[in-house]
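Now, the feature entries from TrEMBL:
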- 31-52: transmembrane segment (TRANSMEM)
- 64-83: transmembrane segment (TRANSMEM)
- 95-115: transmembrane segment (TRANSMEM)
- 181-202: transmembrane segment (TRANSMEM)
- 208-228: transmembrane segment (TRANSMEM)
- 277-294: transmembrane segment (TRANSMEM)
- 314-336: transmembrane segment (TRANSMEM)
- 348-366: transmembrane segment (TRANSMEM)
- 378-399: transmembrane segment (TRANSMEM)
Amino acid sequence: MELGNSVITDESKDAFSYINERPVDDISLEFFYKPHTITLLAVSIASVIYSAFVRDETSTQDNLWAGICCVIFFFLIISVLTFPNGPFTRPHPAIWRIVFGMSVLYLLALLFLLFQSYSTVYEIMYWIDPNLRNFHIDMDKEYAVNCTDISLSRIWSHLDVFAWGHFLGWMFKAILFRHTGLLWAISIMWEITEIAFAHLLPNFLECWWDSVILDVLVCNGLGIWVGLKICKALEMREYKWVGIRDISSTTGKIKRAILQFTPVHWTPVRWLDPTCTYMRFFALGQLVVFWQISELNTFFLKHIFEMPPSHPLVIARLCLIGVIVAPSVRQYYTYVTDPRCKRVGTQCWVYGVIMVTESMLCIKNGKELFGQAQVCNVIVWLVIQILVSIGCVYGVVLYHRYFEPNKDIATDSPKKEN
């Protein structure tokens, strides 16, 4: 009995290690994978000594920025040395350790801001960018005006940079989730979310043709279709890796170096199958709801703290969340679908805390805004979220049960990576 429990424990550890700190399967250039801790220590200390004793210290603001940058620099170095790289190893495990370190830094910054007053947070933002003092959201601006005026020229005028952002965002989501049913459920639920919170965020107000045709069908639909096509192409590709040193031509070496930024393997995912348990059923519904909350945080943060959509802080946050989400979704997928994995990955755990902290920061500093919330709308939104999530997940289960009965439903092999 003890031997059996030991085997189960070892399998659980292997499954968790696979998503939390995956080893590199095939090393072609040993130099980039050998430890260089002493060299890194010497270079880091030399850089700090030079910066601390040579730079001009007359400006207090420059001194503060230099100190903050130095702290971030050393924290990311420690991240490379100690943090797990997660489920990915391309282009290099160190890249994903830095991503994990940046997510921890962002979480610590959010927790610090959570304990500050609204005015203090504003002063910090003004210190970072004094130009924010001159920006204020125009609450009198009208949205969704003259919705009956439908013409090709007006529709074309709405295909701006934000439309391209919709398209690229949904293409990225399709590559992450790789499931048509879940993607369309999240897409439709987001339009319902915009309707439910339009009384708080006026820019959520849209004409019906903008919401249904441009958003759901054109931008979101095309993004999902292109993303799934990319997944299909990567899934069907034959992966045979050759070390750079074994390639004779210069062109071949350059091509191999570029391919280092592509996956080692590509594994098709199966979030649901006819034999899935109720816990997986619940976990997928939870994923749909949490994704909506994470998207809402983006809009509430820039609305409550009054930042333009093109501000570097907004763009930097979107980019950071984008790279954090990639390993988080993979870790969540393995935790949900692999019965051997008993723990959620650390990157997924940190992202979950980030999502909750951002929501608390919005609620704490947006009391006046949320005081105007129509409770009925929010309750109806929650009910619809739960019902649509359950309905979508159950529908996908029925589809796999009755329309794909002969399809292999085996779990992913632990020797593959996406």
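Any Cβ shown, glycine's included, is placed from N, Cα and C.
Predicted automatically and left uncurated, TrEMBL annotations should be read as such.
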Pairs 6 or more apart in sequence, C-beta under 8 angstroms, 3 or more of them: is that satisfied by the transmembrane segment (95-115) and the transmembrane segment (348-366)?
yes
For the transmembrane segment (181-202), could you work out the same-chain residues 6 or more beyond its ends whose Cβ comes under 8 Å from its Cβ atoms?
139, 141, 143, 170, 173-174, 211-212, 215-216, 220-221, 224, 228, 271, 284, 287-288, 291-292, 295-296, 299-300, 303, 369-370, 372-374, 377-378, 380-381, 384-385, 388-389, 392, 395-396, 399
Need a quick answer: max count of Cβ pairs under 8 Å to the transmembrane segment (277-294), which of 64-83, 314-336, 348-366, 378-399 is it?
378-399
